[in-house]
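Trainee: Starting off with a structure, shown below.
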Amino acid sequence: MEALIKNRLPKKSRNQKSLQDRLFDASVYGIAIVMILMIVYPLWFIVIASFSDPADVANGNVWFWPEEWNLDGYIELLKQEMIWRSYFNTIIYTVVGTLIALAVNIPAGYALSRRDLFGRKWISFFYIVPMFVGGGLVPTYLVIKNFGLLDTFWVMVLPFAVSCFNIIIARTFFRTSLPETLWEAAQIDGCGTIRFFFTMVLPLSKAVLAVIGLWTAVDIWNSWFNAMIYLSNENLQPLQLVLRRILIANESLLGVASGSLASELRSLSEMMKYAAIVVSTLPIMCLYPFLQKYFNQGVMIGSIKE
Amino acid sequence: MDHKALSKDFPHNPVILNESKMSRRIKQLKKSGPLYVLLIPSFLLLICFTYLPMYGLVIAFKDYSPVLGILESPWVGFKHFVQYFNSYQFDITIKNTLTISLYSILVGFPLPIALAILCNQLRIGLFKKVFQVTTYLPHFISTMVMCGMILIFLSPSTGLVANILGLVGLNMPNLLSDASLFSSVYVWSDVWQHVGWDSIIYLAALSAINPTYYEAATVDGASKLQKIIHIDLPLLLPTAMILLILRAGSLLNIGFEKVLLLQNQLNLPGSEIISTYVYKIGLQNFQYSLSTAIGLFNTVVNIIILLLVNWLSKKLTKTSLL
């Protein structure tokens, strides 16, 4: 049919059109390639700089490949006990925090998705308000302090485990993908709500568990502000706070020295910056392409409006 | 349903037939019991760590002292609000907050739409996939690392940007010590990091467009560009409006962490925003009441703007959030 239509158009205009479209296509692909380069190159640069001599990096001799390949930055970085400890802390916070968040948010999402929940309107309101209003910094700080949670492991995983946004996403998911007849059938078979939730709902909602779990995990992995205001004990600090000392405060973890040793230490600290970025970001960057499917799904579920 | 089933089994039972509204409600309540159990953990956490702090907002109207506690501290009304409105920091923080925020919307709102349309035009499957994975990637870099990268790359003497400019013989200004350039650094680095991710939602909206529209346009001899202007853009409008409303609702909530990390003494006149000021006043200077008052002011303004934009959008495009 398309051929038929094409034949009916005057020949000249058809050629003009296709030329215009071909130019259009060329510019689309051109822009896309430039964008890919603009994103990939800075990331690649960080990686090659971490393996290069700091003087070459600073003088602009490093462009596409490491110059004077060495691992000094990594070696010095990994010698720091603080890095290992904070890395370990971050992993624990991420695992425990994600599990708590799932245990708290998923059941709430399911309960809110049920149309026979008595007082659903008011309860939904209770869960929507925190998305727009909050107590703010100081009142929250005072509450955490009064609960005696300052400088404890729990402050990192418990108080902010509820995410109303994720609850709403879970609710939308359950509403759109769990057929209501399933619950009706289970009821006839004498299955109660709680048992139904654990034996039917959870196995059927792996997608939303994955999405919310991954989002929460990335959030916790990357977070630092709560740690900064609620933790003063160095042994509890997460990785991002140590990165803050290295990258932002420009603090040398290697101590102070004088003379020629000082400049050597300074350049070593520069290398450690690149190494620290790579070491802290690598896990997410490596996992991400494989998990991309789930992340995207989450955006889709979240975009369904009710 | 329960009720009906019962009355079918016992058609002559007057208790069930004449069941009052009250007892029906009690029955519903009982039936919802297990659902309430599922809600308990999140409910308790919200009460303790979200609603209790909301009660703590009253210290904005009091002279809070930790010794006296929230209830016993003396009531001072709007004193702290007035103090903030009259302070010289008021103009600076409001101006910077609005500048960064509006700049962000101006740049960060249309670009994801453009990117989604661009991505939608890519027909080579593998290339499209690579393009998507790459553009989404920076979204997962932590704010901390992102700010570290900005500091490294923009360093005026040794940074990557300075070295690139050096190739063509240009001098690199120190972007981070210039207050007037702070908003640009903030906004464009944000675009680099999030434009791909923000486009996902538009890409989904584009893939939902009925292909017959494009076929009809082809028959009418429309070029690709014309199809974008007359099909893609109008059909993206509802999605765009919703996102714009949400964005406007958090007009005064800028990525606080990033601003705090990129701040230094030199760019402070251009980088002090309401939320960083709240943090400094509250947790560094321990003026709890003043800090809470400023934060409360911020929240109230946000809600007013959200309702306003929502109302406006309802009138103009028939799209609304609430």
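Glycine too: its Cβ is placed from the backbone N, Cα and C atoms.
So TrEMBL says this about it:
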- B:35-61: transmembrane segment (TRANSMEM)
- B:94-309: domain 'ABC transmembrane type-1' (DOMAIN)
- B:100-119: transmembrane segment (TRANSMEM)
- B:140-171: transmembrane segment (TRANSMEM)
- B:191-214: transmembrane segment (TRANSMEM)
- B:235-256: transmembrane segment (TRANSMEM)
- B:288-312: transmembrane segment (TRANSMEM)
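Mind running through what each feature is packed against?
Mentor: Below 8 angstroms of C-beta separation, residues 185, 189, 193, 255, 257-258, 261-262 of the same chain, each at least six residues beyond the ends of the transmembrane segment (B:140-171), sit close to that stretch.
Counting same-chain residues at least six beyond the ends of the transmembrane segment (B:191-214), those with a Cβ under 8 angstroms from any Cβ of the stretch are 107-108, 111-113, 115-117, 119-120, 132, 134-139, 141, 146, 227, 231-232, 235-236, 239-240, 243.
Proximity of distant same-chain residues to the transmembrane segment (B:235-256), defined by a Cβ-Cβ separation under 8 Å and at least 6 residues beyond the stretch ends, is recorded for 97-98, 100-102, 104-105, 109, 113, 116, 143, 186, 190, 201-202, 205-206, 209, 273-276, 279, 298, 301-303, 305-306, 309-310, 313, 317, 319-321.
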Trainee: Apart from its near flanks, which chain residues at least 6 from the ends of the transmembrane segment (B:35-61) lie with a Cβ under 8 angstroms of it?
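Mentor: That would be 70, 73, 75-78, 80-81, 288-289, 292-293, 295-296.
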